[in-house]
Amino acid sequence: MDDKINKLKEIIKNSNNIVFFGGAGVSTESGIPDFRSANGLFNEKLNITFTPEQLVSHSFFERYPEEFFNFYKAKLIYPNSKPNDAHIALAKLEEMGKLKAIVTQNIDGLHQMAGSKNVFELHGSVLRNYCVDCHTFYDEKFILESKGVPKCTKCGGIVKPDVVLYEEPLDDNVIRGAIDAISKADTLIIGGTSLVVYPAAGLINYYFRGKNLVLINKSSTQADSKADLVINDSIGKVLGKVID
């Protein structure tokens with residue numbers, strides 16, 4: 001393991017345009033579980049068990065807003081979570097001028113809380129919420145303190161989290177920014193993701209000019225064979241050792 005850590009240190013030292021692509025594994029170390037590991041919910045009224053994927057779909061939000069928000073508040077918002085060693089190390093790399101962008105599948109805002117500035121949030125953020133009718137902004141606290149379905153204080157419309165639900169497209173501007181950053185990178189570090197969620201996982205295909213592809217994940221991924229360095233360990237532990 002020490003050999004791999006030293007190799008990663010060497011790669012970082014010789015890189016000037018690093019991009020980090022991260023998934024749920026980055027945030028699990030801050031106590032935020034991957035929502036896909038959540039149990040499905042049984043709806044007694046309908047006599048149906050919904051999967052986590054169904055519960056955070058656009059059609060479920062439209063048809064059963066109350067049930068959507070019950071699940072959303074219980075399983076997707078973690079207001080007491082703090083950045084871990086991975087978030088802090090990445091913010092330091094940006095401060096050093098090495099890291100140029102973070103592309104994340106997470107919606108918790110922990111990268112920004114750690115100090116990272118150039119973050120492309122592919123799936124949005126729980127910290128931003130907007131009225132579906134008049135587009136008034138509301139913060140995470142408003143959602144958590146709302147009883148039942150959050151309603152706009154100005155017009156009474158439903159306040160929807162600015163997160164990309166299943167059946168919804170990703171934001172074009174975010175995608176363009178992420179592709180631009182990845183395609184220009186000299187080193188791409190992929191961490192805390194098994195690369196199975198599309199279209200997000202497909203973005204790594206835009207990395208074809210760089211010198212170093214690094215994969216840090218507890219389990220193996222489909223991209224391991226293409227990588228110059230694979231470390232099967234905790235992302236926080238690895239990055240914490242690299243940026244000490």
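Each residue, glycine too, has its Cβ placed from N, Cα and C.
Annotated domain 'Deacetylase sirtuin-type' per Swiss-Prot: 1-244, in sequence order.
Following the DSSP three-state reduction, the secondary structure of Asp108 (NAD(+) binding site) is coil. Taken from Swiss-Prot, the feature NAD(+) binding site applies to Ala24, Thr28, Phe35, Arg36, Gln105, Ile107, Asp108, His123, Thr193, Ser194, Asn217, Ile235, supported by sequence analysis.
Positions annotated as nicotinamide binding site by Swiss-Prot: Phe35, Ile107, Asp108. Asp108 (NAD(+) binding site): 25 other CB atoms within 10 A of its CB, across all protein chains.
For the recorded site, His123 (active site, proton acceptor), the DSSP three-state label reads coil. If you look up Swiss-Prot, you'll see His123 marked as active site, proton acceptor.
Residues or ranges marked as Zn(2+) binding site by Swiss-Prot on the basis of sequence analysis: Cys131, Cys134, Cys152, Cys155. Long-range Cβ neighbours of Cys134 (Zn(2+) binding site) (same chain, at least 6 residues apart, Cβ-Cβ under 8 Å): Cys152, Lys154, Cys155, Gly157.
Distance from the CA of His123 (active site, proton acceptor) to the CA of Ile107 (nicotinamide binding site) is 6 Å. A gap of 6 Å separates the Cα atoms of Gln105 (NAD(+) binding site) and His123 (active site, proton acceptor). Just so you know, the Cβ of Cys152 (Zn(2+) binding site) picks up 19 other Cβ atoms within 10 Å once every protein chain is counted.
Look at Cys131 (Zn(2+) binding site): DSSP puts it in a strand. Of all the binding-site residues listed (Ala24, Ile107), Ile107 sits in the most crowded Cβ setting, with the most other Cβ atoms within 10 Å.
Note on the domain 'Deacetylase sirtuin-type' (1-244): mean pLDDT across this stretch is 92.
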